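Just below is one structure, and these are the notes that go with it.
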Amino acid sequence: MTTLDQIAAPNRRRRFGSLTLWAGIALVGIHIAVGLLTVVWSPYDPSGMTGGRLEAPSWLHWAGTDRLGRDFLTQIMIGSRIALIVGTGAAAIGAIIGVTLGLLAAFATKLLDDAFAATLDILIAFPTLLIAMLVVAAADTANLGSAIFALGIALSAIVARLTRILTKRVLLLDYITAARTSGTSWLGIVFRHILPNIWPTLSVSFALQFGLAAIAEASLSYLGLGAPPPNASWGRLLQEAQGTVYTAPIGAIAPGIALVSLVIGINLLADGLRDSVDPTRRAR
Amino acid sequence: MSALLDIKQLSLHTENVRLLYGVDLTIAPGERVGLIGESGSGKSLTAMAATGLLPTNIRASGSITLAGRPVIDASEHQLNLLRGSAAAVVFQEPLTALDPLMRIGRQIAEPLRRRAARDGQRLSGTELDAAVLAMMGDVALPDPERIARAYPHEISGGQRQRVAIAMALACKPSLLIADEPTTALDVTTQAEILCLLDRLVRERNMALLFISHDLPVVAGIVDRVVVLRQGEVVEAGPVHQVFAHPQHAYTQSLVAAAHAFDTALGAAP
Ligand SMILES: Nc1ncnc2c1ncn2[C@@H]1O[C@H](COP(=O)(O)OP(=O)(O)OP(=O)(O)O)[C@@H](O)[C@H]1O
Ligand SMILES: [Mg+2]
């Protein structure tokens, strides 16, 4: 029995691995499809008063209407687009700044590196949201761009610290020494050996950053620091639903489900991707 | 004739410990030298110092000349020009010496391409592929086409070490430094790899610095040995002379151990 189980195990692991990946692709795919769709089409005009106020879900308005009589499903769908833009933008800015700084720190002299590590630890001690709020406040106009930039900056500290640690670990390995003894330049080592080897871990972290950014953007909007109307961010929808949560609970439930499904989806996707990027983990 | 590698009075120290004291080591072009010593005696550090790859916390004094150029205090750029073409290294642990995420073929292609570029040629596409397969043939890797597409964890330890040797040879170095290249392997594979190294170094007229803690392993393939103990050279000379008349007590114990081993082998049925 045991032997049979052992033989079957790798196979099951692979099925499970691809299941994770496919679930992630499905969830994120739905959000991407919806987000793209809203660029060209939405069920109703997002700012048009197309029904009564706070209508319950019906065939005409699948998720009901908000307190101004606007179609709620339309707003949720536009929220997908905004969450994707913010998540991708912030994660990308965080990745570019963070990876660059992390690599530089790993290669820097001991003194510089220590100073850098201490600075990062202090930055990371502040919640991402707080840093983002400070950056938004400093930018003094709240728009989508400043929210993305603020979150990107806040996330870059986390990415930089991770990159620095991962790079330092790889730098100690024999194959880096081997590459150096055969005359590979520093840039060659970074692009050929270090980045590919830290990529599986980094990519998972980028996905986490994406999720963090989507949640943080919702929080910023909830606090009125995010993108102003007519950008129907899920955070703003939640904030607007706050007063009517007992009479029209769908107003709080629907944006919540949308946000959670996107964040879970991106995490599943990252997990599945890591397994397929790393040949030592890939089931053959 | 000027020496290829000339180490004079090399001392290494960290902030509070001295790791190497006044080591002298000369290798002429085409010469084969063994560096012997127990674990922790400073063999690997000597090799790293020769290619200018000491850990940053270790300071060197004395002089090291590789292919006529000073190594200590040389800039990273100058060292990079020396590395590979003047000296290349094969490491002890064949698994960790290969990039786990890069296919074997690409790992061998990289030094081949770089060496060609240094010689002013461009090597790419099918030409490069052919050179990689030829290189793999030279180190007697079976089924080169399959192994070229494999990742390091998919081939055996002996095959990995052959790959590491191919990567070092692809640099066409004047000096090959082999840092205990067979320690991690079983006895049969060890003998095969030694034969291979011996043949390749002869064929290509390379100098060899062979590092080991095992006197009999070294004796078969080098002309001269240098014995290191606790960071100091205790004995140096032609291999037959050191074997026949060991001067230092430590070398005597090494030779005695080797003889005992031989006798034990001879006595076995
Ligand atoms: N980065 C370092 N910082 C401080 N001490 C070091 C460092 N690297 C090596 N040493 C010390 O230097 C001494 C010599 O090390 P080395 O690696 O040259 O030994 P070795 O002769 O190659 O031994 P082995 O046969 O086990 O490989 C050891 O005592 C070791 O502890
Ligand atoms: Mg060693």
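Cβ from N, Cα, C; glycine included.
Bear in mind that TrEMBL entries carry predicted annotations, made automatically and left uncurated.
What TrEMBL records for A:21-44 (among others) is transmembrane segment.
Residues annotated as domain 'ABC transmembrane type-1' in TrEMBL: A:80-270.
Summarising the annotation, TrEMBL assigns transmembrane segment to A:82-108 (among others).
The transmembrane segment annotation in TrEMBL covers A:115-138 (among others).
Counting same-chain residues at least six beyond the ends of the transmembrane segment (A:144-163), those with a Cβ under 8 angstroms from any Cβ of the stretch are 82, 85-86, 89-95, 97-99, 101-103, 105-106, 117, 120-121, 123-124, 128-129, 131-136, 198, 201-202, 205-206, 209, 212-213, 216-217, 220-221, 225-227, 231. As annotated by TrEMBL, transmembrane segment applies to A:144-163 (among others).
Per TrEMBL, transmembrane segment is recorded for A:206-225 (among others). Within its own chain, the transmembrane segment (A:206-225) is flanked in space by residues 82-83, 86-91, 94-95, 128-129, 132-133, 136-137, 142, 147, 150-152, 154-155, 158-159, 233-236, 238-239, 255, 259, 262-263, 266-267, 269-270, 273, which lie at least six positions past its ends and keep a Cβ under 8 Å from the stretch.
TrEMBL lists A:246-270 (among others) with the feature transmembrane segment.
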**Asked** Where else in the chain does the transmembrane segment (A:82-108) make close Cβ contacts, counting only residues six or more beyond its ends and a cut-off under 8 Å?
**Response** 31-32, 35, 116-117, 144, 147-149, 151-164, 166-168, 171, 186, 190, 194, 202, 206-207, 209-211, 213-214, 216-218, 227, 231-234, 258-259, 262, 266
